[in-house]
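Student: What TrEMBL lists as domain 'C2H2-type' is 34-55, 73-97, 129-151, 177-201. Among the features that TrEMBL reports, region 'Disordered' is placed at 256-303. Positions annotated as compositional bias 'Basic and acidic residues' by TrEMBL: 285-301.
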Amino acid sequence: EIRLASGQLMGDDLSLLTAGELSPYISDPTLKLFQCAVCNKFTSDSLEALSVHVSSERSLPEEEWRAVIGDIYQCKLCNYNTQLKANFQLHCKTDKHMQKYQLVAHIKEGGKNNEWRLKCIAIGNPVHLKCNACDYYTNSVDKLRLHTTNHRHEAALKLYKHLQKQEGAVNSESCYYYCAVCDYSTKVKLNLVQHVRSVKHQQTEGLRKLQLHQQGLAAEEDNLSEIFFVKDCPPNELETASLGARTCEDDLTEQQLRATSEEQSEEAEGAAKPAAVAEEEEKDTSERDNSEGKNSNKDSGKTLASFTFLSSTPCLAISP
């Protein structure tokens, strides 16, 4: 989100999602294929409609961007002040002002929940677009159009349209989207489209194709109707299905958290073991020193006793 508002976002097309690179979970079922990431509100399946939205002229209430305090003309957007009205009018025609004016008006179309972006405005390209099927961001309609020719996007689009066709036969308010290969279900269509790029699905699908090959059966490339379904929940099973969907959606996240927890435990154990070893070595050293001290004391006592005995023994004179 922060990099979207910086004005310097580069496209990032991910071909395969690993456990540490999961696409963010989409909770809004009304999202379409393409989305404007400036207002974060407009969404459409049409690039032409998105292009019209981006190029539209916008306006702000005058009190939100300009003020006259005494004989000072102030531009709140650019932090510009002048006493001359002519200079202020010239400032309002500059590219910097006009670009910022349009960007602020565009951001405010997203409502109060989107106004945090106003704190992150920087000079740069004010256009930010997203392909929700591929979790791909770019800063122009032309780049997004070029992205749609990518084979990964074409595969995602084919699945997206397949699910759209099946939606007509079910209740859109209670349906859920299901992957039979992974036993994965979700209430949001785009989550299933992105699930296909996950490591879990890629591995399971590869194993399925290998089994078909070993059985002498050819795996059909276009077998979407055999794998992906749109199911309608009966009213009495809706709550259970929703719970199951949430469980499936959170499965990878829970695995990721569990792996992180295990790593932390191993690190803690690894840190505890050297401490225990050091403590035991110190204990052994102390015991060894004590033992050596006792032995030294005993030896000293024996030596002292021998010396005392010898000193108390009378000397005998030996006659020649």
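From the backbone N, Cα and C atoms, a Cβ is placed for every residue, glycine too.
Annotations in TrEMBL come from automatic prediction, not curation.
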Student: Counting by DSSP secondary structure, give me helix, strand and coil numbers for the domain 'C2H2-type' (129-151).
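Tutor: The counts are 8 helix, 6 strand, 9 coil.
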Student: Which bits of the chain, at least 6 residues beyond where the domain 'C2H2-type' (34-55) starts or stops, bring a Cβ under 8 A of a Cβ in it?
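Tutor: Answer is 4, 103, 106-107, 109-111, 114, 117, 126-132, 137, 141, 144-145, 148.
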Student: Given the model, what does the mean pLDDT over the domain 'C2H2-type' (34-55) come out as?
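Tutor: It averages 94.
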Student: Tell me the residue counts in helix, strand and coil for the domain 'C2H2-type' (177-201), as DSSP assigns them.
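Tutor: Going through the domain 'C2H2-type' (177-201) residue by residue, I get 10 helix, 7 strand, 8 coil.
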Student: What are the DSSP helix, strand and coil residue counts for the domain 'C2H2-type' (34-55)?
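Tutor: Result for the domain 'C2H2-type' (34-55), in helix, strand, coil order: 9 helix, 5 strand, 8 coil.
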